[in-house]
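Database features, via TrEMBL:
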DOMAIN    4-344  domain 'Aminotransferase class V'
BINDING   Arg41  L-glutamate binding site
BINDING   Ala75, Ser76, Trp101, Thr149, Asp168, Gln191, Asn233, Thr234  pyridoxal 5'-phosphate binding site
MOD_RES   Lys192  N6-(pyridoxal phosphate)lysine
Amino acid sequence: MKTYNFYAGPAILAEEVKKQAAQAALEYENTGLSLMEMSHRSAEVTAIMEEAVALTRELLNIPEGYRVLFLQGGASLQFYMTALNLLDSGKTAAYVDTGAWSKKAIKEAKRCGGVDVVASSSDKNYNYIPKNIDVPASAPYVHITTNNTIFGTQFQEIPDFDVPVVADMSSDIFSRPIDVSKYDVIYAGAQKNMGPAGATLVIVREGALGKVTRELPSMLDYRLFIEKNSLFNTGPVFSIYVSLLTLRWIKKNGGVEGMVNRNTEKANLLYEAIDNHPLFYGTAAKEDRSKMNVCFLLHEPSRSDEFLSACADAGIVGVKGHRSVGGFRASIYNAMDLAGVRQLVKVMESFQ
Ligand code: PMP
């Protein structure tokens with residue numbers, strides 16, 4: 001029976017990406033070696049790095065003056081690293097609190113300087129995205145989480161702030177076009193829309209760096225990774241390679257514009273099923289609904305296990321909601337196809 005993977009992350013990868021990755025794990029391009037056995041300084045790995053950077057630039061239309069890095073430590077390290085590199089002690093950055101991951105970013109930034117939480121949706125258990133956010137002009141940047149993986153909300157449009165934006169795009173990178181020129185840093189762990197855990201994509205405006213007065217540890221200094229083309233130390237080569245395979249797959253499927261169409265169709269189908277169903281309801285405010293993580297509940301929560309078991313019988317895995325929201329969460333990242341969402345809708349429809 002086919003398994004439909006709705007996990008929030010690590011998450012679904014395209015079938016062809018998994019096959020190519022499996023081949024590279026055994027032997028990479030007639031070298032007699034697994035990619036996992038090869039030096040990060042070899043010609044092959046250098047070519048992988050160069051193509052991964054070039055395709056990221058192409059797909060996201062990244063302007064001059066920005067650098068693309070593949071680092072380690074996940075988005076969680078970026079919570080700290082962004083602030084360490086951009087927020088001087090004595091300065092105050094603006095943060096928008098839209099959920100658990102924003103809160104963690106705020107906590108780490110406070111180790112580096114002042115934090116002004118300029119907006120929060122904590123009053124309604126993060127079921128919406130704050131509007132009309134006022135950011136002081138003195139802030140070196142405003143930090144946002146573009147898609148809130150746990151609460152199923154997403155900035156539909158990135159507001160026009162007067163200061164540069166630092167964005168955690170872990171759960172919606174490559175799902176839609178972005179105007180990179182608004183940002184000083186964009187970061188995302190690979191394990192949702194890109195590849196397996198291990199690599200963290202960072203897009204950074206070079207001109208934003210070198211302005212803090214503190215001394216930066218080597219491993220936390222973007223400038224050093226820029227100088228070394230991400231490979232200051234041994235990088236997460238296999239995760240970067242699988243990410244590259246995914247980027248090729250995205251390009252082949254119409255680029256990020258192609259992903260918008262695919263993701264809109266899937267999300268519409270699923271939200272419609274939720275809205276029309278007598279037993280289910282969505283948790284996120286309609287205008288802020290995420291196209292990546294769809295959160296919904298049963299009016300009768302006591303029947304949750306029954307629904308999860310109906311899902312399991314249909315090959316559907318990973319739909320149990322995060323404990324802070326409860327109910328169900330269907331993560332429908334780029335690689336999830338319409339057939340997967342149809343399967344879930346079918347189970348919902350027959351659940352009475
Ligand atoms: N930010 C967001 C929006 C996330 O969804 C996650 C992971 N679920 C993280 C940050 C943390 O990422 P990592 O595990 O790569 O540190």
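Cβ from N, Cα, C; glycine included.
Keep in mind that TrEMBL annotations are predicted by a computer and have not been checked by a curator.
Projection of TrEMBL feature records onto the structure.
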residue: Arg41; record: L-glutamate binding site; Cβ contacts under 8 Å, 6 or more apart: Leu231
residue: Ala75; record: pyridoxal 5'-phosphate binding site; Cβ contacts under 8 Å, 6 or more apart: Trp101, Asp168, Ser170, Tyr187, Ala188, Gly189, Thr200
residue: Ser76; record: pyridoxal 5'-phosphate binding site; Cβ contacts under 8 Å, 6 or more apart: Lys104, Gly189
residue: Thr149; record: pyridoxal 5'-phosphate binding site; Cβ contacts under 8 Å, 6 or more apart: Ala8, Gly9, Gly99, Trp101, Ser170, Ser171, Lys192, Met292, Asn293, Ser331
residue: Gln191; record: pyridoxal 5'-phosphate binding site; Cβ contacts under 8 Å, 6 or more apart: Gly9, Pro10, Ala11, Ala197, Gly198
residue: Asn233; record: pyridoxal 5'-phosphate binding site; Cβ contacts under 8 Å, 6 or more apart: Met219
residue: Thr234; record: pyridoxal 5'-phosphate binding site; Cβ contacts under 8 Å, 6 or more apart: His40
Test of understanding: give the count of other CB atoms lying within 10 angstroms of the CB of Lys192 (N6-(pyridoxal phosphate)lysine).
30
Which secondary structure state does DSSP assign to Gln191 (pyridoxal 5'-phosphate binding site), in the simple three-class scheme?
coil
Where ligand 1 binds, which of the recorded positions Arg41, Ser76, Trp101, Asp168, Lys192, Thr234 are close by, with Cβ under 6 Å?
Ser76, Trp101, Asp168
Look at the binding-site residues Trp101, Asp168 and tell me which residue has the greatest number of other C-beta atoms within 10 angstroms of its C-beta.
Asp168
What whole-number distance in angstrom separates the two most remote CA atoms of the pyridoxal 5'-phosphate-binding residues Ala75, Ser76, Trp101, Thr149, Asp168, Gln191, Asn233, Thr234?
30
Return one of helix, strand or coil for Asp168 (pyridoxal 5'-phosphate binding site), based on DSSP.
strand
